[in-house]
Amino acid sequence: MVTNSQEREREALPSTSAVTGLPQKRYYRQRAHSNPIADHSFDYPARPQDVDWRALYPNIGSEQQVEFADIGCGYGGFLVTLGEMFPQKLSIGMEIRVKVSDYVVDRIAALRLKSNETSGYQNIACIRTNAMKYLPNYFKKGQLEKMFFLYPDPHFKRAKHKWRIINQALLSEYAYVLRSGGLVYTMTDVEDLHKWIVSHMTQHPLYERLSETEANEDPITPKLYQSSEEGAKVVRNKGDHFLAIFRRL
Amino acid sequence: MTTIFYLEPELVLAHGRKVLFLNPNDLQIFKEIELPTDLTTCGLKPVAASEATEEQPATKSEVSILNVSYSPDRQLIALTTTGQKALLLYKSRPEHAKLLSIRPLARASSALRFAPDSSSLLVTDKTGDCYQFDCSADVEAPPKLLLGHLSIVYDILWTPDQQHIISCDRDDKIRVTNYPASYDIHSYCLGHKEFVSGLALLGEQQLQHLVSVSGDKTLRIWNYATGEELLLKELPAPAVRLQLRELVPGQRYEAAVLFYDHSAAIGLYELQLNAADAANPSWSVTREQLIEAAAGSWHIGNFALCGQRIYVLGSLNDNLSLRAYSSQDGAEDATLPEGWLQMVDEQFAGEGQCVPEDLSVWFKKRYDNVSDYMERKKRRIEDTNKAK
């Protein structure tokens, strides 16, 4: 409902910084780790046709659908960049943590308000959900064109490997929502996790890795390093970036 | 979990370490399987230490049978155990239950199903992994991981042409996966709002119809190839088990549903196909019957349909208890052979307690971790405004 989101946009203002007009992160801090297998209090749709997309994208066209998904979007830095780079596409951020997803929702609301004349940022939205369990609830078969897994939680302990967002079983689910020819972008600063991701995705019959040349030719690639908050932190701490892009066959 | 099912002419019952194959019409025991207290004595090699996420299963753990299944060609019997977790495969003909192989399981099984051609079987577990075990070329072969859900898989089946595997889980999902390319998901049947506890195919194969029951108190029929829901039948209570039997081939079926925590134990629903419009076949429920089975006065765990009789298996004061009711009207069945129930009681007397399984954990715990945060946020905003 239009009135609801406009109201939300105005409400977001008081906790925003007087300087930037955007929400301040210190009110939304939450620990980085979350247990994706435990039950959470999510309201999730039973099926894609039950989703009220207009509530997320007020100007959505009747035939339009979400095509880019940032899985584990954190504080939304990359999602905002994605929205700016691809104004004709609908991008969605999915984040499991309560405060963090709320921050992104407030951030998008504030951005929309600030750019009221140009109607900017109407093409990005964030939902609080468990992407490991509920992707098929939101997206039809082959709906997505791009999926992003940037700086996912490595879940270091062996017992927790099943919690990693990239594992053999989940790769089949991601392949279901991704169209043939669609791309999966993965980025991490943890080399072990990078090797794990490359190994699992290479073994999976439905994916092939892009060559370094192909990866560098993609205009999104440079943005992966800087736009997300995690990425910027890695650059500040002079850490390594490990990139792997895969095509869904 | 106590096992009971009927496969003509045998009524199969399993509890503790014993499986009995009984004649429901007289006191004859066709055959029986009794497991030793320590499965290493029949060749079980525990899972390698590096694989096990828990410690080595203590040999003191009581071995207890979880699932039992016949292969479609009746040549093989498979059973899974907990305590020492294993899959045992027996030859059922012509010998009486000769052990062919015993293979370790990483986790206790949640469902067990043979392939239509009896050449392999599927075992699922509480983490959602589905393993395939060879039952023909190499009965000792370790399993192959075919696919994985993210929560416990309650039921799994193959389509008769073995082109698809259909599985359901605690996260409300019914998934249709290609076979043998099991990394490729064909479709989902989405709509249930709680765990899906049972699946069965109905109608001619080319219709591609499926029936499911759920903790959301519904029975639904689907076209599993497209994921389209064809029928939604409201049930009086959450459903925890489904058994389907064919009354008129391809046309009429009887779905028996075990309820959770309800005044009636079982609901029987006759499903009739309306093929008048060949392009849009539909189903309707033509008859309903509730079987109370004294629900509430004892704990009911399982049931089996056998002709006009329903056997209901459960426990009273932690002791195994078996009763029989008429599927026509739910009245206690008086046609059981004299002394039959006592015989069953005696046979299982030594098999230890029958502690009811707590199924409340199947339901998702919904807790609110948002409202508190939103409340505090609202107050913070109001305080900031007041301060201005």
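From the backbone N, Cα and C atoms, a Cβ is placed for every residue, glycine too.
What TrEMBL says about a protein is an automatic prediction, not a curated fact.
Taken straight from TrEMBL:
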type: ACT_SITE; residues: A:Asp153; note: active site
type: BINDING; residues: A:Gly72, A:Glu95, A:Ile96, A:Asn130, A:Ala131, A:Leu150, A:Ser228, A:Glu229, A:Glu230; note: S-adenosyl-L-methionine binding site
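Sequence features, as recorded in TrEMBL, placed on the structure.
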residue  : record                               : Cβ contacts under 8 Å, 6 or more apart
A:Gly72  : S-adenosyl-L-methionine binding site : A:Met94, A:Glu95, A:Ile96, A:Ala131, A:Phe149, A:Leu150, A:Tyr151, A:Pro152, A:Asp153, A:Ile165
A:Ser228 : S-adenosyl-L-methionine binding site : A:Gly74, A:Gly77, A:Phe78, A:Leu150, A:Tyr151
A:Glu230 : S-adenosyl-L-methionine binding site : A:Gly74, A:Leu150, A:Tyr151, A:Asp189
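In this view, A:Ala131 (S-adenosyl-L-methionine binding site) is surrounded by 25 other Cβ atoms within 10 Å of its Cβ, with every protein chain counted. Cβ contacts within 10 Å of A:Asp153 (active site), excluding its own Cβ and spanning all protein chains shown: 18. When other Cβ atoms within 10 Å of the Cβ of A:Ile96 (S-adenosyl-L-methionine binding site) are tallied across all protein chains shown, the result is 20.
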